[in-house]
Amino acid sequence: MSAPETERRVQGVIANEDTGESSDDQILDEQKDEESDAGDLQPRTVDPPPPQEGLTDTVEKALPISSLTPRWRNWVIRGVFALMMVVGFFWLIWGGPFYLTIAVMTVQLKCFQEIISIGHKVYQSNNLPWFRTLQWYFLLCANYFFYGETITDYFGHFLQREEVFRPLMKYRRIVAFTMYVAGFCMFVLTLVKRHYLKQFTMFGWTHITLLIVVTQSHLIIQNIFEGLIWLIVPVSMVICNDVMAYIFGFFFGRTSLIKLSPKKTWEGFIGAFFSTLLFGWLLAYFMAGYEYFVCPVEFGGPAAYSIMMECTPAPIFQLTEYTLPSWLQGVLKVMGLMWETVNIYPFQIHSIYLATFASLIGPFGGFFASGFKRAFKIKDFADVIPGHGGMVDRFDCQYLMATFVHVYHHSFIRAPNPGKIVQQVLALRPDLQLVIFNKLKQHLLDAGLVENSCSS
């Protein structure tokens, strides 16, 4: 053996005295670690649960439908629980914004839990230290950041009366960022040799889930505060489209629509489209006439602890006369209707765009979920709702619809919310409030909206 080679080997042994390994052994171990990590990345098929009676099986035995074929049994179960969910939705509407907000938060938590649980089963990551705790911690951070903004905008003056809430509201962004950084550092500290790739995969899985679930639920809350109609009508459209697609597909479906969902048919898709347009038009006409549905949510005022839903309806919620196009007048004359003008709510016109999105684009949220389930070879995200699966199975289209409604409202409809502006003014120092008052008074005087005798 030559002297230089001997020297290199000696240096390699000295460099690894602390571990007791030679450089060749160390390289071999690193290669094994890389191979192990690469194997961790491969998604594993979720093992089917051992045969046991699920919730759907229990319901199927409880209902007098044993004589029906499996297809009709599933139809009855889906119908019964769909009706129960609709009744529950009506009850939440009657309860008002508070109950609806609690319901959205509950659905968000359940959806997060279902998606995260699939990740743990697929990547066999249940043995990773502190990982489940960190996932729920990141959910807390995201909710505090997003909902802190909304709560401060609408209820900031009320919360600032309580000493414990003041720093949480005033420094909400830095607090949320600090919380997230602490979780980020904890994740780095919990990295385990031979599981790096698996841990980073689940880290990305967590953040994508937060993006899908928390962001969309936050937009739903924003829609609620703009007026209940911006929640109820879109949600009802998606429900109508889903139900009518199932009914038309069940009775008339022959042509497959998309390979991701073999049960989806063109007949169901087209029938649901026209049904949703008609349903949305009629529902918009009914709801636009009630202040309870169209008024933005406002805080009751400095001395009150309640919210108000009274206002002068915006122009889009006031009956307006429209002249029909000449071609439509001709069609109506053939039908014996001599209509030249109609009185409708402008919101009904907007409902056409909402219904079109709910019918043509909304179902792609369901197709996305179907592709996700097929990728990991699972039937449903969970078995929470008999005949329907989990919360994600039922709300996959709703999240996509909520984003569109929020963007559409802010692009074409949005007007300043008086309640939100008042809360922002009340959060200022008294001297700044007086400056705003004087400027507003001068503007009203110049516009002739108030008399000069208005007190200073």
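FYI, residue positions are counted from 1 along the chain as it appears here.
Note: Cβ is positioned from N, Cα and C throughout, glycine not excepted.
If you look up TrEMBL, you'll see 1-10 marked as compositional bias 'Basic and acidic residues'.
Summarising the annotation, TrEMBL assigns region 'Disordered' to 1-57.
Marked as compositional bias 'Acidic residues' by TrEMBL: 18-38.
Annotation comment: TrEMBL describes 75-94 (among others) as transmembrane segment.
Long-range Cβ contacts of the transmembrane segment (174-192) within its own chain (Cβ-Cβ under 8 Å, at least 6 residues beyond either end) map to 128-131, 134, 137-138, 140-141, 144-145, 148, 167-168, 199, 203. According to TrEMBL, the feature transmembrane segment maps to 174-192 (among others).
TrEMBL lists 204-221 (among others) with the feature transmembrane segment.
Below 8 angstroms of C-beta separation, residues 75, 78, 82, 86, 89, 93, 96-97, 100, 220, 263-273, 275-276, 279-280, 283-284, 287-288, 292-297, 309, 317, 347, 351, 354-355, 358-359, 362-363, 366, 397-398, 401-402, 404-405, 409 of the same chain, each at least six residues beyond the ends of the transmembrane segment (227-253), sit close to that stretch. If you look up TrEMBL, you'll see 227-253 (among others) marked as transmembrane segment.
If you look up TrEMBL, you'll see 265-288 (among others) marked as transmembrane segment. With a threshold of 8 Å between CB atoms, the same-chain residues lying at least 6 positions outside the transmembrane segment (265-288) that come near it are 229, 232-233, 236-237, 240-242, 244-250, 252-257, 294, 313, 316-317, 344-345, 347-348, 350-352, 354-356, 358-360, 363.
According to TrEMBL, the transmembrane segment annotation covers 347-369 (among others). Same-chain residues lying 6+ beyond the ends of the transmembrane segment (347-369) with a Cβ under 8 Å from its Cβ atoms: 229, 233-234, 237-238, 241-242, 245, 258, 260-261, 264, 269, 272-273, 276-277, 279-281, 283-285, 288, 294, 316-317, 381, 392-393, 396-401, 404-405, 408, 412-413.
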